[in-house]
Amino acid sequence: MSDTPSKKRQPLYSEADKRNMRWFWQGYLRKHSGKLVLVLVLILVQGLVYQQFLAMTEDGLRVIFESGAMRDLIEVCVVVFLLFAVRGVVSFLAPMITVKISNQAIYEMRRDLIGHLMSLDLAYFERTKSGEILQKLVTQTQQIGVFVGLGVAGALRDAVTVVVVSGYLIWKNPILFVSAIVVLPFIIMVMNFVSDRVKQAQGEAEEALGGYMNGIEETVNGMRTVKIARQEEVEKDRLMRGTDAIRRLMNRVQVTQALILPSIDLSSAFVYVLVIGGGGYMVLSPDYDVDGAGIITFLLGMVMVFDPARLLAQFFGGLQSNLVLLDRVRNLYDQESSIRDAEGAKTAFDTGGDIVLKNVSFSYSPDHPLFEGLNMAFEGGKVSAIVGSTGSGKTTILSLLSRLYDVKGGDITFGGTPIRDLQVAALRGAFSVVAQDIVIFNASIWDNIRYVNPEASDAQVWQAAEDAEIADLIRARGETPVGPKGAQLSGGQKQRIAIARAFLRDAPILLLDEATSALDQATEERIKSALARLTKGKTTIVVAHRLSSIADADRIFVLESGQLVEQGQHAELLAENGLYARLYQAQKKGYDGR
Ligand SMILES: Nc1ncnc2c1ncn2[C@@H]1O[C@H](COP(=O)(O)OP(=O)(O)OP(=O)(O)O)[C@@H](O)[C@H]1O
């Protein structure tokens, strides 16, 4: 099975189902074997209560039919009451244990899933709908937990009851019992049909639910654009189409599952008629040693078998749905991270050395190559700038340096050490990054800054905030959270938080991607002097559109459609009169208004 539902027939238990159940059992349930055995014993007790109840009822009926002693009847009644009191206690204890086990299993499963998710490459998150990830971590795991905690315990109890009571009935009247189970093939046929349809529809429903959740997230996050473009109705329709698809698919799942009960009821009607007719014949015929009490008890026994059998069949329908959910959750592990530490990767490297791109080729998709044979050298301890038109690959170079993606060809070296020989954590730990897409959490500004260095002292956080010109805002807002994704902040305020983070982190390599683009000229000037202090002695790579802001860089690289077309210092590039000079003149003209 995969996330894309296939139209082909779904087997009752596919290899994937078996693998997934094994995974769940071995990873999360087996360790509770002791407790599970206890549950089984409790469930057996419940089953035995039914068997004893039947035996007592038969005795009681005989007392009545044969006008026995009143005392015997009272004894039977007391024992029956006690039996069901025991069953009551056990029906509390067994699910109490299984619910705790299943909640623990789901907690651990989520912990492992989150751990695995964190290890995946950025590329996975760029191609996967966030709704799909939410489903795995929230709804699908939750449903599996409820199913395992309550459903499995209930099903075990029902199965034991069916087996114990059936055993008793076989012992009492094998001929009648065997003739009663002629309905079994019909029930199996229905089950097969249900399994097939439920799996198909549940797969499609999960797909639709993922799309719907994703749609909600997109709409809510993009509400500013939605409102300005007056697209509320369009968005409403889009979400309603999603929810309508879910309605139709869930109808299909649940109506199919609902087919199970009538088929069991139909079978039970057939069996009851058979028992009354066949049993009655046995009582009337002198060939059989069967009395009325025996047949009434047998009939009661059949009722007691069919009742849990109905629930078992319902459980079976739920199991098919949950197997689909388990497969979806489990297939997160099919995703592997390709950016991993090599054997013997280094934890330390020359963070002050030159950073060199040698013959680098890279593409996001095979049919759109971005870099081919790109060579660049960023001098250690100096400020380098990358400029170029939009989409020329500037941000991608920064992403390759911090190994968010791996180069497809060529190499990147840090002080002569190839990037693949470095531990990913050590490499990324050497960077302070002010990215274009600043991530702000719904916490106070203070906590947002501290996020990059939780060990920092209060004094250090204040210093970083002062350097980034955001301290006054912290004083004004106090502990107030800044809204989801920092919605209550201006673009410039967000950028200053990002700069404060870079100050606080104080790593040896600094990547600034349009770090000051959202600031007004006066604030930018003030921050620039603090940034100059920050970059001193550090290898700094600045990406900027505003060329005046990087004019004093030690080296400027000019990119055009993924190719390095010029490099040098500001004055040299102007003298070359190439692309840089043209861009610079154009911007100057724009600012001067000429
Ligand atoms: N995650 C991604 N998946 C696929 N393609 C991408 C991705 N990120 C960027 N691209 C493409 O790669 C090219 C280079 O993008 P990049 O962001 O590096 O350009 P840039 O020079 O930084 O642009 P800008 O100045 O607009 O920020 C663009 O054509 C872009 O569409």
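Glycine residues also receive a Cβ, built from the backbone N, Cα and C atoms like all the rest.
The feature domain 'ABC transmembrane type-1' is assigned by TrEMBL to 37-321. Residues or ranges marked as domain 'ABC transporter' in TrEMBL: 355-586. Positions annotated as transmembrane segment by TrEMBL: 36-53, 73-94, 144-169, 175-194, 258-281, 293-313.
Under 8 Å from some Cβ of the transmembrane segment (175-194) lie the Cβ atoms of residues 12, 166, 169, 256-257, 259-260, 263-264, 267, 270-271, 274-275, 278-279, 282, 298, 302, 313, 316-317, 320, all in the same chain and six or more residues away from its ends. If you look at the transmembrane segment (73-94), the same-chain residues 6 or more away from its ends with a CB under 8 A from one of its CBs are 39, 42-43, 45-46, 49-50, 52-53, 56-57, 59-60, 63-64, 153, 157.
Averaged across the domain 'ABC transporter' (355-586), pLDDT in this predicted model comes to 90.
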